[in-house]
């Protein structure tokens, strides 16, 4: 399709730009490659006027010549003015998309759409191995490694391997003891800012995840996800010794100790060992004079 000239310079840094649009895509597939171009409304990007030497230059030429737009706040660069305008909204605190269910707001439409799946229960991403469905493609990709057994990340300190890079990085910090993020409410420290953000929900009481089956709400998505499994038929984790089923893998691990006799928790005061951490913690509390460890 023939595209006309593209004007990028107006007074007071107000710029007109073209936006590329294409066919709607699903969560996992790709488009058919057919796109069109539409003219956006002029958008002001700040109070600093500047001259642009690209009047009459097509968008394709701008990309080929390496024309970039730089954010004066953080230095991030973009090859499209439209992306810079959208990026500026982050610094300005503008959140265009607001959820009518819970009031949470988002900068980007794609984040808003993902969030709405929490309320609607929509799960468009399906595992081809077992049929399990997810509301995000990233969750599906992580889950799929259960079937492949792939653990490409190995700790050089202890040799332990991990399926996910984020878990591997967090494990590495357990060797260094480094915790960078502290809670201002209670002083608890964390390896990651994301962990601190999750922790803060305890203080705020926020429970954004609601079960569509029973209405129960949860602070964390992981707990909500495990709870949702209780409504599905069957218990995926089964004991090979007695056939008892469990919803969670850690429950099966605890149960297996009743068959193996394993007692991994040892009290250093009188060398007594325990099969479960809860029993060990109770014993340790006695030695510490009733103080929580």
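Just so you know, the numbers here start at 1 and follow the chain as drawn.
A Cβ is built for glycine as well, from the same backbone N, Cα and C atoms used for every other residue.
Model, not experiment: these values are computed from the prediction.
Feature annotations, reproduced from Swiss-Prot:
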- 69-91: zinc finger (ZN_FING)
- 97-119: zinc finger (ZN_FING)
- 125-147: zinc finger (ZN_FING)
- 153-175: zinc finger (ZN_FING)
- 181-203: zinc finger (ZN_FING)
- 209-231: zinc finger (ZN_FING)
- 237-259: zinc finger (ZN_FING)
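Through the fold, the zinc finger (181-203) approaches residues 170, 173-174, 219-220 of its own chain, all at least 6 residues removed from its boundaries and within a Cβ separation under 8 Å. Listed as Cβ neighbours of the zinc finger (97-119) (distance under 8 Å, sequence separation of 6 or more from its ends, same chain) are residues 86, 89-90, 135-136, 208-210.
Same-chain neighbours of the zinc finger (153-175): 142, 145, 191-192, counting only residues six or more beyond its ends whose CB sits under 8 Å from a CB of the stretch. With helix defined as DSSP H, G or I and strand as E or B, the zinc finger (69-91) counts 11 helix, 4 strand, 8 coil.
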